[in-house]
C-alpha cells in the first residue's frame, strides 16, 4: 500500500436543482482495498459512485485517482471499470463481444484481445458460453459477464453499483464470496455500493456509512459495529439493530442522553435482580437462537437472544441485566460520547 | 377421453374461432376476395358492346409489357422508391436521435417534426403547390432575392418527379421519427454509461449499440416506406396529375387512370396483380433476410 491514497475525494458536493445530492464527501481509499458505500436508499451512495466514475460532475470539491486530478475528466479517461446494478450488457452482442467491447474501442490488437478475453472468462467461469447472447443466460451468468467485462482491461479501480441486488438470496452469498476472492487475487481496488449491511460488513475492509448525502462514519466493519459514531449508525448496523433508550431510565447517566445496547449483551435474570423490567412482545425462532422482542416505556428496539428454541409467551414480564461496559452512550443530538 | 375434457376442448375451439372471426370476415370481404377477383378479371378481355368479355389468359399482361408508358411509370416509381425510402429513413433517424437528446424545447421540436404527418396529404399538397408555383411561390420569391431565374418546378419533366419526391420525404420522415423515438426510449440509459466508461465515442456508441438495437424498427419502417412508395399518390392529384408528359406518373396513379379515366379495367387489374406480386416478394425478402440479422429484445 502506498502512502498517498489511491482514490481521494475532497469536499465533494453535488446538488440537484438546489436539492441535496451529496455534501462534503471527503474520503481516502488506499490501493488494493475493498470499500463499501453503505446506506439506506436515497442516501447518496450511488451518487458518490457516479461522481467517482465520471458519470456526474461534482459542483464542489476535488476527486483524485492515482494522484491525478480527475474532477472534470471524462469517464473514459479515469482508467476504471464499472459493474452496473442492471449489468448494462449489450443485448445484441454475444458474451465475448460484450467483454471485449472496451478493448475493441481502445484498439487493442486482436491477439492480445483474445488472450485477455480467455483469461477473463476463465476467471469468471464463463468458458464455453462465448457465443451466447445475454438473453440466453441466467441472472447469475449475466452478472459474471458484467464482472468479466469489468476485469478484462485490467483497470486497477473497479466500481460496483449494487451488483448483487438482482440475484436470489442463495446465489448472492456465493457471488459475494467470488467477488471478494477476485478482488484479492487481482489486487484491484473496489468501491462497492450496497444497501445491504450484511454485504458491506462481510466483504469490505472499510465501510462508509452514509445518510442524507453525508458520511456518518468511516471505519472497519468491526468499528461500525462496536463503536458506532452516532445513533443512526447504531441502529443501521447489526441484525438485530442496537436498542436505544433514554438515559433517564437508568440511574447515574443523567438526562437528555441516549443509551444503546446490543441484544447479545443482555441477559434475562430472575425477577427482582434485573436493571429493567420489560414485557415480551414477540418471539422469533431463527434456528440457532430465538429472538425475544421486549417492550419498555422509553426504550426502542429492545430485544434479547436466547440459544436454541425457547419461545416466551407474549405479555410475560421479565427482568433484564447488562453491564455498564457494554453500553454505548450518545449525547442529546445522538453523537457518541467518549468512553 | 372423459366427456367434460372433450367439452372443454370444443369450448376452447369455438372461443378461438369467435375471436378470429371479425378480422377474418373483414379481411376476406375487403382484401382476399377483391384480390382473387382482380386476378380473375385480369385474365379476361375488356368487354364492349360488340365484343363481349372472353378469357384471354396472359394477353393483358403481354399488352402491358408492350406499353411504353408502363415502363416509364415503372422507372418513375423505382426512382421514387429508391430515393424516398432511404432518405426519409435517414432523416427520421437523425431527427429522432436529436429530439431524444437533452435539448431545450424538446417537446416543441418533436411536435414540429410530427406536424407534417398530422396534415392530410391533400392539404399538404396544396401547401407545397404554393411553394412551387412559378413567380408567386415561396421558392421563387427566395430565389429572386438572390437574382435566380423563375423555375417552374412542377411544370418541367426534369424537376416534376423530384418535386414530388421532396413532398413525400417531408411528409413521411416525421411519421417514421415517432417510431424511432419510441424505440430509443426502450434503450436503457446505463448502456450509454457503460459505453462511456469503456471509452466509446458518441459515434461508436451510435454505430455499435444504438443502430443494431434499432434494427427491428428500421425493418418495420422500411417495409412501411416501401408500401407507401406505391400507395401514397394523393399529392399527385393536386400537384402534377402525373405530368408533364408522364414525367411524374407513379404506378398506382396509372392504374387509377386505366380504370377510371380510360375504363380499361382488365389492364388495371393486371397491373394491380403485378404490384401485389412485387410488393409481396420484396416484403418477404426484407423480413426473411433481415430478420435473421436483427436482434429482437
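Yeah, the Cβs are placed from backbone N, Cα and C, and that goes for glycine too.
Sequence annotations record features per position, and here TrEMBL assigns transmembrane segment to B:12-33, B:78-99, B:111-131, B:160-182, B:209-227, B:268-290. The domain 'ABC transmembrane type-1' feature in TrEMBL is assigned to B:74-284.
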Leading stretch by Cβ pairs under 8 Å, where the reference is the transmembrane segment (B:78-99) and the options are B:12-33, B:111-131, B:209-227: B:209-227
Among B:111-131, B:209-227, B:268-290, stretch most in contact with the transmembrane segment (B:160-182) (C-beta, under 8 angstroms): B:111-131
Spatial neighbours of the transmembrane segment (B:111-131) far in sequence, C-beta under 8 Å, 6+ residues away: 95, 99, 137-139, 154, 163, 167, 170-175, 177-178, 232, 234-235, 237-239
